[in-house]
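Asker: First the structure, which I've put down as structure tokens, then a few questions once you've had a look.
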Amino acid sequence: MKSQLLSLAVAVTTISQGVVGQEPFGWPFKPMVTQDDLQNKIKLKDIMAGVEKLQSFSDAHPEKNRVFGGNGHKDTVEWIYNEIKATGYYDVKKQEQVHLWSHAEAALNANGKDLKASAMSYSPPASKIMAELVVAKNNGCNATDYPANTQGKIVLVERGVCSFGEKSAQAGDAKAAGAIVYNNVPGSLAGTLGGLDKRHVPTAGLSQEDGKNLATLVASGKIDVTMNVISLFENRTTWNVIAETKGGDHNNVIMLGAHSDSVDAGPGINDNGSGSIGIMTVAKALTNFKLNNAVRFAWWTAEEFGLLGSTFYVNSLDDRELHKVKLYLNFDMIGSPNFANQIYDGDGSAYNMTGPAGSAEIEYLFEKFFDDQGIPHQPTAFTGRSDYSAFIKRNVPAGGLFTGAEVVKTPEQVKLFGGEAGVAYDKNYHRKGDTVANINKGAIFLNTRAIAYAIAEYARSLKGFPTRPKTGKRDVNPQYSKMPGGGCGHHTVFM
């Protein structure tokens, strides 16, 4: 009798002390998660219902978008929080923060001809600057790239190598009156300077075609440019949603995330409703199983304005807490209409940008997912242009998937993935046409299954995965860009 009472006391103590991270009801009777079982729980109808819900949040408000701090994004955050909380399987929180929102518009005229330009967010305003145009060398990332006579002139800079913010700052140091950054790939260019900086000058983006034409004209003679930039600024309260499984080892956390906000131009259903709903679908499917390692899901805010939400989160963790995160997986645009199956190049073999130790193994795992089904895939540059940036800067292994943004699909890629050559992976990238109709159902379904495949693997075991690198600082030069001018893997057009 005494031993029975002791057992009861232990059980009661365990229950009463298990509030934080307490295993959900029925946990012992759930089957252990496997890759096949978790993938089989992924249903296209659930994914499409999710993206349609996000579309409804955009449609319900005059802005017709889901920009952080706006009504469409507030609805998105509340819905994600409530949906995940209702499962009872996760400890869920909203992480409040305040960030500076910016909206900018530009008008550009060269020698009497109007050009289609996009102001960089966080650009200083400009009221009818009229000045001669000069051209910077070598992407304008160093002081020596700017002509000696730059002072008081508007400088034309090609995109690439460094961030838009750095280009604007260098132009400011050279005492330019303004800067125009033109694309280094076909198509228009919009982006962000990443925040306010006293060194910045009024800055606008221009298409590759128009930029090259201007450079040619400057080489032939004097070009006069008129530039107007209207910029609005506002501090906005917003939230990340963080959900961690109640069960599993909380010292061995598998983390994944997707940003939940859109740009001003439209509802952002591929960018990045696709990633948000992809990980939500996996989160709900995971509730049918038990696991060995805890899994932490994150829906980031304000990615489109400089990876603000994910950076805020990572900076909120000390080295000890962040060391519990054994790897981070990022999913930003996984339903592109003219898609290509792309995996972050964690081993650096394709783009010579290597992630922290373990990033290569993440890449190989996703390669195996596609290879086992005979599905083509290719690497995409590990540039730091999406929400994994803050993690790799602190030496957390990372990886993920991306189906393409504004870059044009090649004939060689059509042979691999189908689709249309000479057309962007997502022709509605950062535009009002990024609606539910913009989603490639096959791509989003396949990539959501790939997420499930990876989560099942790592939630079950980290056997064979490299020992987590010591948490610390790592030099990363994000090639930010995801606005027309980057790519969401690639996201936030910073560069």
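Even glycines carry a Cβ here, placed using N, Cα and C.
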Asker: With His259, Asp332 listed by Swiss-Prot as binding Zn(2+) 1, identify the candidate in Asp271, Asp319 belonging to that site.
Answerer: Asp271
Asker: From Glu209, Glu234, Glu304, Glu321, grab the residue that Swiss-Prot records in the same Zn(2+) 2 site as Asp271, His430.
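Answerer: So the Zn(2+) 2 site in Swiss-Prot includes Asp271, His430 plus, from the candidates Glu209, Glu234, Glu304, Glu321, Glu304.
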Asker: Using DSSP, what is the helix/strand/coil residue split across the domain 'PA' (124-218)?
Answerer: 27 helix, 27 strand, 41 coil
Asker: Return one of helix, strand or coil for His259 (Zn(2+) 1 binding site), based on DSSP.
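Answerer: The residue in question, His259 (Zn(2+) 1 binding site), is strand (DSSP, three-state).
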Asker: Could you state the whole-number distance in Å separating the C-alpha atoms of Asp271 (Zn(2+) 1 binding site) and Asn352 (N-linked glycosylation site)?
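Answerer: About 26 Å separates the two Cα atoms.
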